[in-house]
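What Swiss-Prot says about this one:
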type	residues	note
ACT_SITE	Glu337	active site, proton acceptor
BINDING	Glu337, Asp361, His528	Mn(2+) binding site
ACT_SITE	Asp361	active site, proton acceptor
Amino acid sequence: MKKISLPKIGIRPVIDGRRMGVRESLEAQTMNMAKATAALISEKLRHACGARVECVIADTCIAGMAESAACEEKFSSQNVGVTITVTPCWCYGSETIDMDPLRPKAIWGFNGTERPGAVYLAAALAAHSQKGIPAFSIYGHDVQDADDTSIPADVEEKLLRFARAGLAVASMKGKSYLSLGGVSMGIAGSIVDHNFFESWLGMKVQAVDMTELRRRIDQKIYDETELEMALAWADKHFRYGEDQNAEQYKRNETQSRAVLKESLLMAMCIRDMMQGNPKLAEKGLVEESLGYNAIAAGFQGQRHWTDQYPNGDTAEALLNSSFDWNGVREPFVVATENDSLNGVAMLMGHQLTGTAQVFADVRTYWSPDAVERVTGQPLTGRAEHGIIHLINSGSAALDGSCQQRDAQGNPTMKPHWEIEQSEADACLAATEWCPAIHEYFRGGGFSSRFLTEGGVPFTMTRVNIIKGLGPVLQIAEGWSVALPKAMHDQLDARTNSTWPTTWFAPRLTGKGPFSDVYSVMANWGANHGVLTIGHVGADFITLAAMLRIPVCMHNVEEAKIYRPSAWAAHGMDIEGQDYRACQNYGPLYKR
């Protein structure tokens, strides 16, 4: 089957169409703007899969309806999912704009004095607003000379932020969310809302009962050679941690081996269900070999599976990581407990950064007073105002141990195309695999256990659905913190020390939900959240605006907030604008 091509970014150079001197004097400058924009994007950005982003430039500058239509025909044939219109001059507004209502679009009007690029920008944006097709405005802060072909830093920042978010929109469109199972323990996020996926993300939901996973395992609908490779890899790299089970629930070596084998098979089969596997076709299993075209998935697990079969912790942890027995590769997005809304936050983070995502329970707020009472030690540094314990049953990406290093040697989580095999091995070495607690998981399993290194910038996110309002997005930028070992051990022992831990300190603003750490926890909309590496809340805000998902909570500096220009017409308070605009325009893929 032919592989689906990646979305491209279309560059639309628009120009003043008056001949006999005007257009002729602008052709080179206008096309050079387009080429510079394409070069910047191709150099700086990659798709989440690691491939370089490809730009498609219109064959000619666009002065009116005919050339605009020719450009659209070219873009339609080359899977252009995002457009950027560029110009250094006055052009004819509504005659030259991109009218596709589903495609994210921006306009860069050159800030120069020789020709009025800003005037076209304003006129074109007015047309977009009047027609109900929002567009993003890009206009440099400082005047440039007409022969200056450089892209100023502020323009570059907006071009790249727009392009990253736009590609995320285009990449999700037409894909599916694989709902493997149903509602887990009454968790609202696992009540999968088909309308949300269809109307806001342009995705389908593929609902599959967990018996399909059982069938694939029992009937050997997998690559048996790969299973042997996976087992050998686990034998080499897995370190086993403490078994906290009572003696009557502990498994012997043979039983533990069977649990490990099934856990690895679950990872293989869930992956095959998501993306397909041509090896299955070689076994005559053509239907199963196709997969479900899933860009994200969720596994119910609890309790209808886990009461008798190994839990999903090992499978989910390995799938969400940037590496496995096949080496370093793009991480998958698999939500624990089929929490589809946390899965969407994971998907957004992965599409924006190319990195693995850390799924976690937003478990406990520890105040400075409570920590000192329990441990006898004060919280200091970034933790001084309190911390949030992010911990779940072991399905977090192993990248979350932060054993990878950036160019300055700091702990981080890299996009998978930058990860060295030695860094993947270091993440594995920092992870213990602890037998699942019988009281929770009667069918057994192994939970990954690691401690995230401190001082790493993270952005925590969550999507929630509010009846009568629709989806909303929460964002909290902050840092992981390293606690003194004795303090960590005491606090960790009070919950479940066989699970992975991140101690998180959000950045406080002194206002609203970020007035203190307690308020961050109190305003969080659900029991789960996602950690994405870096302070990338501004990228999430831009992406949410494209999808018409209002942001109900964030601590991003106002200067970094970048939304379509029409948002400014929806009032003077910037967050109220977001709500009113999202309500006015409705979901991107209205149904």
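Just so you know, glycine gets a Cβ as well, placed from its N, Cα and C.
Of all the recorded positions listed here (Glu337, Asp361), it is Asp361 whose C-beta has the fewest other C-beta atoms within 10 angstroms.
Neighbouring residues of the recorded Mn(2+) site, listed in sequence order and excluding Glu337, Asp361, His528, comprise Ile187, Gly189, Thr336, Asp339, Asn342, Phe359, Ala360, Asn392, Ala526, Asn527 (Cβ within 8 Å of the Cβ centroid). According to its DSSP assignment, Glu337 (active site, proton acceptor) is coil. The two recorded residues, His528 (Mn(2+) binding site) and Glu337 (active site, proton acceptor), show a Cα separation of 10 Å. Cα to Cα, Asp361 (Mn(2+) binding site) and Glu337 (active site, proton acceptor) are separated by 11 Å.
DSSP assigns Asp361 (Mn(2+) binding site) to a strand in the three-state reduction.
In the three-state DSSP classification, His528 (Mn(2+) binding site) falls within a strand. For His528 (Mn(2+) binding site), the Cβ neighbour count at a 10 Å cut-off comes to 25, with all displayed protein chains included.
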